[in-house]
């Protein structure tokens, strides 16, 4: 085949041959790529592999049950409902599985009862009236249930239940069997659904359980940590870039990546909180753990992340403010950024360890950040910049202002973390110490600072922006 | 019952009587509340009512089909698959219904074939080997399919198909029938699924269709419009607050509400785009309409919304910058805000009307916004603020800086809207005019402005923040 490498353009046959020759290589490359993707997917979260095995196990168990003749004779075709239940109900987390299982079981029970009633009613109305009445019943319940599914609160928690309600009611009411047969059908369907659902729930809880509550807990903590990382690095990054040039570009990009995932985690947080409500007590979480408070922290975290996104715009851009201006506020800004970053990391620790102690350390860091803001305040008042071109001051002033916003946001996050810690009974260091120092509600943004000796200045004297964040959250 | 209103505390009997007396009133109030909620839900989107009726209709049709004896004799118990298919497949939009229907049909076909094969294979291996082999097959396919469902691209489009694949394969392979019976079962299941699926798709398309593509189109346009509204109002609102005091508070709150919905619309946009891919051509959209470009505009809109969220923090706060400082930059800032708002509104119009003309008007507005930014630039350079306290300048400078960011974001949105207009063949005013003035790609943020006579200055000279937005989007 050396001919082809000459200048002459290759003919059709030669091209086909080349294509065929490259085929095994190409498909090998494709296979390698897919295998790499599979490995990455498994490595990113090994629970995915366990989950797949658990589903296989549950399904095999129930299938064998379906297959064996003695059992089959007992339940008949209805036994397949057990298989269906497993396939449809088994979800990744225990909460989702429990929610779906209970929804399915309850909806089957209620719809089965109503379906039998509807069927009986219709059968009383004679041969002509029966199909008309049955059709009418099915239409009314399907339309009504479908409409109810649009209610946001019902959609979040009982959507699947309503689906199964429509399904079971229609199946049972129009099944065309005699009354005694229909009761048997309803009974069989219910028992097989319970068998399938129980298999899912038992396997889901006993073998390497995946708790949605734990995931929500970790997600909230991780998002806070990511913001903390950004803030800890931001001061150095912003004030160093001119000296170090492009060298720090790579690090900065990894910061960007990390905090960005916090910007769009709202829907994930909400669905995890919905699943977590179904879960029994596990590990450090009790049955009625205050999951809603996590959502509040999540919302405040996002408020902070929006400010950080704006800050991020001032990092590593080609045009920078003059270094002499930057150097004047460097200390105060770096301190503010670093201390709020540390505060967020302490809050992360508090959530991760379910301990109140790091919240106290976070308070200290917030206090430091605030006194840095006060220093900045004094610095600005002293008029040290009067000889500078105002044009070059604007970007630096914006960064300072956004940082002050971030400090305020951090304080709000700390406040809501404290509320969570109280509501969820995080372990306190020493109850005597914790009662000595009242915190929740008294040191909030809208409250007087007189009760809180650790709050040195009101940052909002300088920038009132973050005060809006709270209001807008409630809106 | 006048006794109770005397000073004496009412006894148990009296309290019970009061409770019973108030019961009808209370339940009446509850009923009124629920009815009001239902009316609001229907009024917010009347298509919900149509959808509910459509589901009822489809289900009644298929149920009657299941009920009638001659048809029932033909399909037997399998006829219930048609009812199930309708309940499970009928979704709100045509795209979602088509996607689920095709997924279900195809998965049933493939899994049915493989299930028959697996059953046949297993039956060859003798009485002891059969259940073991069957269990093994079920386990392997369930675990593998469950794992595949974790791939993000597959989860977005074929999640339901894989679910049905697991279901059908398990049901058919372990059904315990003889080979000829199993072929009949597979055939019946497939035909009934096709009947149910077709009923859904036909009713979904023929009766008041809800197109996910149209919804995505409108969502993107509405989000842009909301940002535009905020920006149009922001200048006046920010510079007026001191004079008018609290009176404008209400208006400001409605602005806040509106742009905020754009902050968290990412997941909704993505699911709509996924549904839209399944939809045939409808109205102004062809089969392969560039839905992905809408997502790009959506992402840029959110970038802009984050800046606006930061700006919003400076509205109507108790502590304001001194009016003499504000008045100096009022004109330039109001102009920037107003013109970017107008540009966004023109882009909204361009998308809503699928016409290229408003994009040209948007260009003019962006040009105006940029020259306002240039004026601000000159103003800052002229040093008119040198006698002011720098402390009071910081909030105003931040607002100015954020507004410049917003202008840059707006330009990027215009750029991506132009790309959409080209890719989707929006109607151009006059092809001669549009070829005269090259735009796409040549006036981008990273390109030279030499080719674009309408770009007067590079705003990024002043604030380079928005340049990052683009980079971070790609990350």
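The backbone N, Cα and C atoms fix where each Cβ goes, glycine too.
Please treat TrEMBL annotations as automatic predictions, because they have not gone through curation.
Look at TrEMBL and you will find B:49-69, B:75-94, B:106-126, B:132-151, B:158-178, B:190-212 tagged as transmembrane segment.
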CB contact flag for the transmembrane segment (B:75-94) and the transmembrane segment (B:49-69), at least three pairs under 8 A: yes
Touch test for the transmembrane segment (B:49-69) and the transmembrane segment (B:158-178), at least 3 Cβ pairs under 8 Å: no
Outside the transmembrane segment (B:158-178), six or more residues from its ends: residues with CB under 8 Å to it: 99-100, 102-104, 106-108, 110-112, 114-116, 118-119, 122, 134, 137-138, 141-142, 145-146, 148-149, 185-186, 189
Chain residues outside the transmembrane segment (B:132-151) and at least six past its termini with a C-beta under 8 angstroms from it: 114, 118-119, 121-122, 125, 159, 162-163, 165-166, 169-170, 173-174
